[in-house]
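Feature annotation from TrEMBL assigns transmembrane segment to B:34-54, B:66-88, B:95-115, B:127-150, B:157-178, B:198-220, B:240-262, B:282-306, B:340-360, B:372-402, B:409-433.
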Amino acid sequence: MSDINRSGTPLVDMRDICISFGGVHAVDHVSVDLYPGEVVGLLGHNGAGKSTLIKILSGAYKMDSGEIYVNGERSDIRSPRDARRYNIETIYQTLALADNLDAASNLFLGRELTSPMGLVDDDAMESEARKIMARLNPNFQKFKDPVSALSGGQRQSVAIARAVYFNAQILIMDEPTAALGPHETQMVSELITQLKAEGIGIFLISHDIHDVMQLCDRASVMKNGKLVGTVDVADVTDDDLLGMIILGKQPAKAV
Amino acid sequence: MTDTNEHGAKSAAKSSRPGLVQRFMRDTELDTRLLGMLGALALIWVGFHVYGALRNGFGAFLTPRNLWNLSVQTSSIGIMACGMVLVIITRHIDLSVGSVLGFCAVIMGITQVWFLPQLVGLEHWSIWIIACIVGMIAGTIVGAIHGWLIAYLSIPAFIVTLGGLLVWRGAAFLITRGETISPLDSTFKLLGGGPNGAVGAMGSWIVGIIAAVAVIALIVMGRAKRKRFDFRLRPLWAEWFIGIFSVGAVIGAVLLVNSYPWPRGIVRRYAEANNIEIPEGGLFISHGFAIPVLILLVVIVVMTVVMNRTRFGRYVYAIGGNPEAAALAGINTRWMTVKIFALMGFLTGLSAVVASARLGSATNALGTLDELYVIAAAVIGGTSLGGGVGTIYGAVLGAFVMQSLQTGMVLIGFDAAVQQVVVGGVLVLAVYLDNLYRRSSK
């Protein structure tokens with residue numbers, strides 16, 4: 001798994017990021033980076049700051065200080081719209097779906113397809129949604145129902161389809177398998193492998209050390225808003241990672 | 001495939017083939033809610049008519065005259081209900097519409113009574129246009145201010161508009177010093193309906209033909225589009241059924257408004273003014289559609305397109321369904337809130353045109369308690385206070401239900417107190433039934 005070429009410019013380079021909420025340093029001078037075709041796991045306890053860090057990259061939060069470089073260029077991400085312009089797509093832990101809308105409306109939310117008259121073209125969107133879902137989840141049939149009527153796995157596939165459809169270069173997945181059964185988890189794993197092969201960089205936030213050991217090339221561990229360290233997954237054991245998460249201890253072999 | 005099987009198994013459990021009603025609903029793709037509301041409305045209408053016939057010996061409800069009046073009386077509330085749907089879908093509320101209506105009416109009143117006659121002369125052709133524009137701009141600005149306070153200063157809509165309820169009613173009083181502003185411009189007054197404020201038999205047929213052609217065009221275009229994308233088509237009989245039913249309803253409405261003649265006195269004055277000899281049986285001049293009703297129709301069509309076919313409408317639903325998700329999808333939810341309340345204000349201004357034109361004067365008390373009827377209309381029409389759910393046609397049907405109840409009770413001679421009790425009870429009952437419907441359809 002460690003055949004990632006890290007000599008070029010990283011896809012994403014987040015340097016010295018800080019954000020605090022009411023005096024609490026949620027993210028405290030954290031630096032992480034991501035190369036094309038690489039999966040970087042973000043690990044840590046609840047409240048370690050992983051989701052907050054990632055929400056800065058996806059434009060949901062504005063950082064207090066720090067720099068983000070995308071493809072080597074200094075970028076200014078102030079809103080989700082900005083992040084999307086840099087081909088950064090996010091699958092949120094909460095999925096961020098509007099429950100009252102159908103799958104196609106959610107897939108294209110904020111980026112609706114319109115007819116020449118500028119009106120929303122539902123049929124074209126449904127047609128596109130059918131195509132992408134046929135690839136991701138061939139069993140999916142409920143295109144007319146609001147997503148509140150879908151099962152957890154189906155909702156997840158809608159959220160994933162939204163991130164994949166728009167040709168993401170950088171994909172952020174926040175606990176993508178937390179609510180899924182074994183079969184669907186397998187599907188997500190396969191998808192990650194496939195996207196990785198296409199040269200997409202993925203930040204994978206997870207609690208599950210097995211997931212990380214299996215899917216990730218590197219892992220960055222956070223604790224209390226600070227970065228404990230970034231390690232090559234091939235060089236460490238489960239216990240090393242656990243030690244980093246729980247004790248904030250650098251493993252002996254870490255770079 | 002589990003999805004389709006599950007559904008199939010459910011209906012298969014009831015009978016080997018889906019029942020006639022089920023198949024009908026599935027093939028026509030009609031909204032059961034819509035049918036339910038139309039059914040309730042029909043029940044109210046027939047109920048009042050029959051009750052009147054049995055008790056007073058005369059069923060006054062299902063007469064052209066009453067139904068025509070009903071349509072005019074519903075217009076003002078109906079126009080505002082179209083805006084209230086958006087406000088409630090996005091989990092807000094607007095308690096100020098009645099006061100804003102009064103404020104806009106007063107602004108329009110002084111524009112056309114105090115200012116414009118001195119500038120362009122009394123009864124000048126441009127007066128009604130300028131007055132309407134001024135009124136609608138006033139409403140839009142007031143709405144935008146409310147929206148800005150709610151979105152950018154994070155004051156709850158309930159509080160902002162509760163304040164607005166007092167502020168704008170008081171402002172209207174201060175501007176007029178409590179006076180009634182009249183007489184309004186005579187062209188302006190046509191916008192409120194009445195024998196002259198209706199488009200007549202020929203005009204109504206033109207409106208009807210345009211509507212019928214539009215309905216047929218929508219059906220044909222919709223079918224062509226489904227074919228192009230290879231979606232499931234409705235069976236032909238269902239398309240025909242919907243087409244014939246809709247065109248039939250349009251023709252029925254035209255026949256109805258055309259069968260309500262001008263009152264004899266007005267015909268006499270009209271005949272004298274135009275030197276027409278009145279024949280022996282009397283001169284039959286149809287009202288046709290009233291102008292306020294046509295304004296409401298335009299508002300319904302435009303707002304339905306806005307809600308179902310524009311990004312703005314899609315974002316309104318998205319914000320109502322999950323505000324956080326909408327923001328994460330790059331929607332500027334705060335600016336959307338300002339726009340939604342500005343639109344509510346605009347429609348309130350338009351409604352003020354209809355209400356003050358119908359009254360023939362502008363008073364600071366105009367529109368008192370309208371906010372409650374508007375909210376009730378939207379809620380009876382299926383708009384969920386939890387957000388995310390609601391339709392324009394539902395709100396307008398809700399307005400018709402409210403107005404029908406009130407008109408009906410006046411016709412059969414109920415006290416005002418009884419009317420209040422009934423309307424209040426119906427509001428609560430309607431929401432309860434809606435909850436039941438939603439639970440069973442899940």
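Glycine is no exception: its Cβ is also placed from the backbone N, Cα and C atoms.
Ranked by Cβ pairs under 8 Å to the transmembrane segment (B:95-115), the stretches B:127-150, B:157-178, B:198-220, B:282-306, B:340-360 are led by B:157-178. By number of Cβ pairs under 8 Å, the transmembrane segment (B:34-54) is matched best by B:372-402 from the list B:66-88, B:198-220, B:240-262, B:282-306, B:372-402.
When Cβ-Cβ distances below 8 Å are used as the criterion, the transmembrane segment (B:372-402) is approached by residues 33-34, 37-38, 40-41, 44, 70, 74, 77-78, 80-82, 84-85, 88-91, 93-95, 97-98, 296, 300, 303-304, 307, 317, 320-322, 423, 426-427, 430-431, 434 of the same chain, each at least six residues removed from its ends. At the 8 Å Cβ threshold, with sequence separation of at least 6, the transmembrane segment (B:340-360) comes into contact with the transmembrane segment (B:127-150) through 3 or more pairs. Between the transmembrane segment (B:66-88) and the stretches B:157-178, B:240-262, B:282-306, the greatest number of Cβ pairs separated by less than 8 Å involves B:282-306.
Between the transmembrane segment (B:198-220) and the transmembrane segment (B:409-433) there are fewer than 3 Cβ pairs closer than 8 Å, counting only pairs 6 or more residues apart in sequence, which means the two stretches are not in contact.
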